[in-house]
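A quick write-up on the structure given underneath.
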């Protein structure tokens, strides 16, 4: 979902990829694993909390869970646009991870220190704060990890495939462990302990991510592909009834490319579109 970007050197070692420690790549994996750990640990047990603790009927609880999951799946579209057009992937990950951590802390408070009659509003507020954090986190973390590998370096290019194989294995394992841990804690200790463990994992991951912030390869935002798609529809609507004349001048409008970007091959003209 990211637009083509122009690499920006963060330090003098950018031209020497061998000096970038593996931990710089692994911290992105840790952040993603912690976020998945928290998301699936919560989602896998959410309906139990809504029915047993908030007293909701099964149908209402299922509706609330599905609505939250659906909103969490839509927000990444907005997060990708913000990252591509304004903040870049690093700042988007940092902001969304902080938002996600805040939501998990509020969630832990809503099941513990908050009075019983006020828990429901805060609980759902915390849930949708998590959805906002998910929106900025999900579309950026994997591509940011890919940014740390230099495609022009054969060793790093080969390591990239292995890295993502382990990435997905870690995500699946973390999600499974999270569900089991939260079930155990809510049965034997409390919901606050279960959600607290999820919040703690996020805090550790965010701290590890910040350790290498000065050494990451970051990319400058150059615009979202959504903007280009929208421009096509706007131009098409404005020229719907035009006829070709003077060698088609005044009909075709090509955007100015960012200096340094390579343009793809031009499409042949047709009489259809």
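Each position is counted from 1, following the chain as shown.
In case you wondered, yes, glycine gets a Cβ from its N, Cα and C as well.
Where the annotation comes from TrEMBL, it is an automatic prediction and has not been curated.
The model shown is predicted, which means the values in this text are computed figures rather than measured ones.
According to TrEMBL, the protein carries these features:
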{"type": "DOMAIN", "residues": "1-273", "note": "domain 'Major facilitator superfamily (MFS) profile'"}
{"type": "REGION", "residues": "1-26", "note": "region 'Disordered'"}
{"type": "TRANSMEM", "residues": "67-87", "note": "transmembrane segment"}
{"type": "TRANSMEM", "residues": "93-114", "note": "transmembrane segment"}
{"type": "TRANSMEM", "residues": "166-185", "note": "transmembrane segment"}
{"type": "TRANSMEM", "residues": "191-211", "note": "transmembrane segment"}
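If one looks beyond the transmembrane segment (67-87) by at least 6 residues along the same chain, the residues whose Cβ comes under 8 Å of a Cβ in the stretch are 1-3, 39, 43, 46, 95-96, 127-128, 130-132, 134-140, 221-227. Summarising model confidence by region, the domain 'Major facilitator superfamily (MFS) profile' (1-273) averages a pLDDT of 78.
Listed as Cβ neighbours of the transmembrane segment (93-114) (distance under 8 Å, sequence separation of 6 or more from its ends, same chain) are residues 28, 31, 35, 38, 42, 49, 53, 79, 87, 122-123, 125-130, 132-137, 140-141, 144, 190-192, 195-196, 198-199, 202-203, 205-206, 209-210, 213.
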